[in-house]
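As recorded in TrEMBL, the features of this protein are as follows:
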TRANSMEM  68-87  transmembrane segment
TRANSMEM  93-112  transmembrane segment
TRANSMEM  124-144  transmembrane segment
TRANSMEM  150-174  transmembrane segment
TRANSMEM  195-215  transmembrane segment
TRANSMEM  227-252  transmembrane segment
TRANSMEM  308-326  transmembrane segment
TRANSMEM  356-377  transmembrane segment
TRANSMEM  389-407  transmembrane segment
TRANSMEM  619-639  transmembrane segment
TRANSMEM  651-670  transmembrane segment
TRANSMEM  682-704  transmembrane segment
Amino acid sequence: MIPPKEISLFGKNPRFSSAKASKPHLALRMDESFPLLDVQAGHRQKLCGSNYPLSIAFIVVNEFCERFSYYGMRAVLTLYFLSFFHWDENLSTAVYHAFSALCYFTPVIGAIMADSWLGKYKTIIYLSIVYVVGHLIKSVGAIPSLGNQAVHVVLSMVGLFLIALGTGGIKPCVSAFGGDQFEEEHTSERSKFFSIFYLSINAGSLISTFVTPVLRGDVKCFGEDCYALAFGVPAALMVLALVVFIAGSGLYRKTPPQGNVLLEVCKCIGFAIKNRLKNRSREIPKRDHWLDWASEKYSKQLIGEVKMVTRVLFLFIPLPMFWALFDQQGSRWTLQATKMNADFGIYVLQPDQMQFLNPLLILVFIPIFDLGLYPLIDMCKFNFTPIRKMATGMILAGLAFGLAAIIEIKINETDMPRLVPEESLIRVLNLAKNPVQVTIQEKDLFQQPVETFQNPAEYSKLILNGEQQSLRFTLQHQGLTLAFNYTVKEKSVYSLIVFEAEGSLSSRLITDLEAKPENGLAAVRFINGLSQDVNLTIDSRKFIAVQKNYSPSEYSLLERDIYNNGKCITETGEFPLELGLLDFGASYTIVITNISGGAVKTWKSEDIKANNVHMAWQLPQYLLISAGEVMFSITGLAFSYSQSPASMKSVLQAGWLLTVAVGNTFVLIVAEAAPMAQWAEFVLFTVLLFAVCIIFSIMGYFYVSVDPEDLEEKEEKRETSSRGNMIGLVTQKTKL
């Protein structure tokens, strides 16, 4: 999943915005003026004789490496929690979205640091160092041999916190710093720069979300998936990003801190509320707007601009629900992909690689929508307003989750049944030479004889009279009746093995897997039907010792593959072992029957069915939610910017980023506080987004679009006419 990237306008008097930059990671801030400070010869160096400063090449490369670093790390994060820490799906999802939310809270900190204290250049340098340290700690925490799980968790959480502080902190600075490099008259070049900047973001996210899962799944280190490498490569890219940025230091134009308008807005709002509470007397005339109570301390212009931006921020209230669904591409949708068939014939896709579809589709959809769909709608004389576009984007995202719910239901058809107390599952594997009739004490199961080497279609449900029960199993075979007693526990899955030993019929009750193997792995165990112990080697990595006389081995988890190059080592020699295809999410019992013709003869039973829903069925989900993002995110930013004064762009962008943070926070609350079946959770989010869409549409219906410049003039006239009616107020101690 590629989270939203946007154009951020943090700063004083920004006057430029681009509708093309859609997603909340492209931060763009431009000041009303670009003072020529400390102009050196390097500042005048141009790129290939054009009007583009040479310094922007360093900034674009820096952004590509940083976005590769961030998205590459985040692409494998959910599976890291699930497989490396062995957390459950709900906890993995909650921590993933907590990290995502933090990444969208910290841009406010970075903007304040840059505008009020350090300036953009130093803020980028210092927070990039924090960023690099976080990546390195995160990579070290993924080395299995380094300490126990507690050490890994602590290192990973510290690393993620530093990464969130770094990536969020530099978010509002980098693109704005690039804009600072242009002369004021080069507006066309500056505009094209931001298009190139946006392209570098999508290129970095597209490549990293495809490559990093390959490093995780296809490369093995320490005997398992190589998360240390999957995190280490993004760490190296972040180091490269920092080195490239510092290398261009002598070429940059560096503007000093100019004060942060976001802080001024917060102070103005706080003062208005405080002043209103102190002047509650009925004898004090009411004011037309609650923000007018800040007029004793703040200018009429600032108050008027705050009024304008609060109108737009009010429309932001329903928006977090869209991001709550959108950002689950990297959590719930990735977990869903682990339970699907990923074989595309020429290539087996990793479940976390599906996230690369989002940036790819965004790059395809933007020109299609701008040059094709929207002009076609205009030709049909339909007034497709920005509010309607955003509502349509919400509907498309809701439909995507509706499809995800349907797919989840189909996936569950191959799952093992959920067991309740006093309930177990059992089946019979007849490894004898003739059919066997099995009877269980007081249970009406197995009406027909079990044929020899019959692959049971499914397990039978066994009802107990307590947490465990001792049951008598009766076997009828060639006129002989034998009885065996076994203790069966609730919520367990069993196989009763029937075999011939020393001329007599015997049996053994063994425990099976209770759920499908996670992450699309295949589970396999062996039953040694030989009269001698065997050692098995699978794919030159798995070494399994199995005792003689129908003893079972433990389950081994293997990647989905065709395993025909195994070896079986016995007292009499070494023989080739062919297992065939071990498919996604399946569980197998393989019985070694005999050695004949210089090879091991086996019989394979599929205990749990393989994943039979293909991963390609997720494509419609990604198509819908990516189309929804183009309509929602790009349109929302362009509309909201057009409805606010230039000096308030930074406040608006802070509000936009916070909607993403709040949306991720909502997901982690649902994942932890209200665990439910996954398909039901998808339906819940679908219903919630549709409900929010209706609310947003109603709010948009009553919203009256304005020109900020016209609104400023009206505000000034209104305040001038009402100035004579104001009663003087003491803000510290109110007196009539």
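Glycine is treated like the rest: Cβ placed from N, Cα and C.
Annotations in TrEMBL come from automatic prediction, not curation.
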* Candidates 124-144, 150-174, 308-326, 682-704; stretch with most C-beta pairs under 8 Å toward the transmembrane segment (619-639) -> 308-326
* Structure fact -> Note: vs the transmembrane segment (389-407), the recorded stretch with the largest number of Cβ pairs under 8 Å from 150-174, 227-252, 682-704 is 682-704
* At an 8 Å Cβ cut-off, counting only pairs 6 or more apart in sequence, do the transmembrane segment (651-670) and the transmembrane segment (68-87) clear the bar of 3 or more pairs? -> no
* Looking at 124-144, 150-174, 682-704, which one has the highest count of Cβ pairs under 8 angstroms to the transmembrane segment (308-326)? -> 682-704
* So, does the transmembrane segment (682-704) come close enough to the transmembrane segment (150-174) to give 3+ Cβ pairs below 8 Å, pairs being at least 6 apart in sequence? -> no
* To do: Report, as numbers and ranges, which residues of the same chain sit near the transmembrane segment (227-252): CB under 8 Å and 6 or more residues beyond its ends.
  => 40, 42-43, 45, 53-55, 57-59, 61-66, 68-70, 72-73, 76, 80, 84, 121, 124-125, 128-129, 131-132, 135-136, 138-140, 142-143, 177, 181, 208, 211-213, 215-216, 219, 221
* Surrounding residues of the transmembrane segment (68-87) on its own chain - C-beta under 8 Å, 6+ positions past either end -> 1-3, 25, 93, 95-96, 99-100, 131, 135, 138, 142, 144, 149, 152-153, 156, 163, 167, 204-205, 207-209, 211-213, 216, 224-225, 227, 230-231, 233-235, 237-238, 241, 330-331, 334-335, 338, 351-353, 355, 518-519
